[in-house]
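K.L.:
Provided herewith is a single structure, encoded as structure tokens, for subsequent inquiry.
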Amino acid sequence: IFLSFQVFGTIVWILVASTQIPLPLLQGWVMFVAVTAWCLSIVFLSVFLFGYANRIAVNWNQADFIFHGATFVFYFGAFLLQAATTSLHYLPRKFNSTMQETILSGREYNISIAASV
């Protein structure tokens with residue numbers, strides 16, 4: 001399960017980094033969640049691969065449950081922020097302009113949808 005977490009975490013990291021969000025603070029939070037979860041899952045994977053789990057007296061089932069529960073909450077919050085920002089696609093960039101220029105181009109909109117999913 002940790003290896004799949006690494007693969008999907010890397011994909012999320014790449015997709016979010018390739019998006020150009022008009023609100024950089026939101027993208028920063030999404031990147032923080034993706035990178036932190038990715039790094040912590042590497043730590044968990046290393047603990048189990050190198051056998052430290054047998055040496056450390058911790059209830060690993062509970063630690064795994066707490067880790068994945070917290071990761072779910074943070075990823076869900078990041079998803080909401082990414083999806084909310086993606087939904088701003090149809091708003092005009094300049095409200096006083098005569099041209100209707102959208103905030104995200106078609107390509108950026110598609111990448112943002114992929115990053116949200």
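Placed from the backbone N, Cα and C atoms, the Cβ positions cover glycine too.
This is the feature table in TrEMBL:
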- 1-117: domain 'MARVEL' (DOMAIN)
- 29-53: transmembrane segment (TRANSMEM)
- 65-84: transmembrane segment (TRANSMEM)
K.L.:
Any residues 6+ beyond the ends of the transmembrane segment (29-53) with a Cβ under 8 Å from its own?
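P.N.:
Non-local partners: 2-3, 5-6, 9-10, 12-13, 16-17, 60, 64, 67, 71, 74-75, 77-78, 81-82, 115.
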K.L.:
Across the domain 'MARVEL' (1-117), what does the mean pLDDT come to, as a whole number?
P.N.:
77
